[in-house]
Amino acid sequence: MTTVVNLPRDPNTLSNYNNWVSTHITANFDILFDQRKLAGNVIHRFRSTTDGESNHIILDTNHLDIGSVKVNGQPSEWEYLPRLEPYGTPLKIKLDQGVKLNETIEVDISVQTTEKCTALQWLTPAQTSNKKHPYMFSQCQAIHARSIFPCQDTPDVKCTLDFNITSPLPVIASGLPVRGSSEAPKSDGKTLYKFHQKVPIPSYLFALASGDISEAPIGPRSVVATSPDKLGECQWELEADTEKFINAIEKIVYPYVWGEYNVLILPPSFPYGGMENPIFTFATPSIISKDRENIDVIAHELAHSWSGNLVTNASWEHFWLNEGWTTYLERRLRHGEPYRHFSAIIGWKALTDSVEHFGPEHDFTKLITNLKGMDPDDAFSSIPYEKGFNFLFHLENLVGKSKFDRFIPHYFNKYKGKSLDSYEFKSTILDFFKDDSDASTALNELDWDSWFYAPGLPPKPDFDTSLVDVVYDLAKKWLSLPKSSFKPQPEDIRGLTANQVVVFLEQILVSERQLTPELSKLMGEIYGLAASQNIEVANLYFQVGLQAGDASVVEPTADLLGKIGRMKFVRPLYRKLAKFDRKRALDTFEKHKGFYHPICRAMVEKDLFGKKDE
């Protein structure tokens, strides 16, 4: 039998989820640090969506070791179908007969992960902050859950979850901890940790972490969890704003449904800023900047509790429905309109960078992408975030903010617990405003096809530049050197926020005029940029220096690349370093590639060497 992609809507799954839907998963895993694998079983409850027409279930798997399969307690025949890159090896489970519409069956699969698992990263004690214990964590978005257990690995299917996880070290999962349920350590020193996720979630939100983890409160319904030696500084960074953010977004949408909102600060090799795993946001330590200036990551991941986690894109081709909405909500949380526009200006720079990286005609620069045969990770960029945000911002301006504010809770109520695509979004907003002649006319006259399918940049909004004008002016002064009489002073940036310094450095980076190596070095010395504790600032300064040809930033750049695995910083730094000193870039990558998460490592390899088949 050949392997086929079973549409309806998601081209990135091989499962036949149009015939069967998983409604509950019980995941029983033993975390084996010495073997770097998970071992156990998963029990799926499947509901039939046909009337006896399907006598087999096909699940996504990738590099898994399957032991046995039982259907309703009885051993079942199963086989692997031919592998299909990049989606893995489908698991076909045979049933004696079809099942009536809406009836359920239970499928129990014994499974172990393998060394080729793309979802898990295993850290040695040396890779953690206090160097005492090993650590593991998962990252399942976009299609990596299938490398932990057989599943319908698509955002178009959601189910409830129970986790029963045994480990010698504390465990975090994307469910509510069943408080007081952990048993006393067994003779082998392991403890059973239980979690329950009562809200149906898609497979990409399945999450596990285990290591030397302690917790501290950061709000009435929130804790931060991290390495004990970092707990105090993480608590300080997050305790002032977390509950404020929750209250603010509840006023915009509706009350938080997940019970607790907690944050796990991961070791530095985590490849993203944050991952919106329910109950426990997984976050990069790069947000701990000791100035509370980088917690917009927390605002973003919290907003995912509504957009993405409750209301979900049906496939990764419509990823903007997750990330555009989340970016829009995040920017509604903080500091009023001038700051919202300021944040959007930073986002516009990220959007132009992504369009430049792919090329203005590339399919990945469209709001709706074509991912047939593609790995969704290859399309990952700021485009769904920022093009999505700008589309929603355009709709807000089109109908008026007060009217759009009435649409927001309607939309999130209509699709609560469901997945949707862009066409359903369009029909929903058109229907909501059908009795408002002004809004309805404006929405019906909108060129939806251009927004959905045109590559490249969208129309640029008329942003309020009040918070960026001062840094635009400072950038112009630097770029006027050495011809002008401008004399840089430390006072130039005193009183600016770190995010304003970020915009200043971005202006230098995008200018057609380049700084000389001497001026770039002078900037770092006068403003103390290379020594900044804020990695958003330091990494951009290193990019400025590399672009200017300042050899003095090569060493600190290589040093930083061995300390952080967040792709937002790692990928552009490697690209800039490779242009300036390719050998040093390759040597640095060779030295640190074992430190990076598999997703990050694969993307940097593509940046440095091109695709493997090229």
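Just so you know, glycine gets a Cβ as well, placed from its N, Cα and C.
According to Swiss-Prot, the protein has these features:
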type: ACT_SITE; residues: E301; note: active site, proton acceptor
type: ACT_SITE; residues: Y385; note: active site, proton donor
type: BINDING; residues: Q139, C140, Q141, P271, Y272, G273, G274, M275, E276; note: peptide binding site
type: BINDING; residues: H300, H304, E323; note: Zn(2+) binding site
H300, E301, E323, Y385 filtered to the recorded positions whose C-alpha is within 10 Å of G274 (peptide binding site): H300, E301
When distances run from the Cα of H304 (Zn(2+) binding site) to each of the binding-site residues Q139, Q141, E276, the nearest one: E276
Per DSSP, three-state class assigned to G274 (peptide binding site): strand
Between H300 (Zn(2+) binding site) and Y272 (peptide binding site): CA-CA distance (Å): 12
Assigned conformation of H304 (Zn(2+) binding site) - DSSP reduced to three states: coil
Cβ neighbour count within 10 Å of E301 (active site, proton acceptor): 27
Residues close to Zn(2+) site centre defined by H300, H304, E323, Cβ within 8 Å: G274, E276, E301, A303, S307, G308, N322, W325, T326, T327, E330, Y385
H300 (Zn(2+) binding site), number of other Cβ atoms within 10 Å: 23
Cα proximity to the residue listed as 'active site, proton acceptor', best match among recorded positions Q139, Q141, E276, E323, Y385: E276
Site extent for peptide (largest Cα pair distance over Q139, C140, Q141, P271, Y272, G273, G274, M275, E276, Å): 15
Packing count at Q141 (peptide binding site) (other Cβ atoms within 10 Å of its Cβ): 27
Surrounding CB atoms that lie within 10 Å of the CB of Q139 (peptide binding site), all protein chains: 25
Cα distance (Å, whole number) from E323 (Zn(2+) binding site) to Y385 (active site, proton donor): 5
Sequence-distant neighbours of E323 (Zn(2+) binding site) in its chain (C-beta under 8 A, six or more apart): G308, P384, Y385, G388
H300 (Zn(2+) binding site) versus E276 (peptide binding site) - Cα distance in angstrom: 8
Cα separation, Q139 (peptide binding site) to H300 (Zn(2+) binding site) (Å, whole number): 17
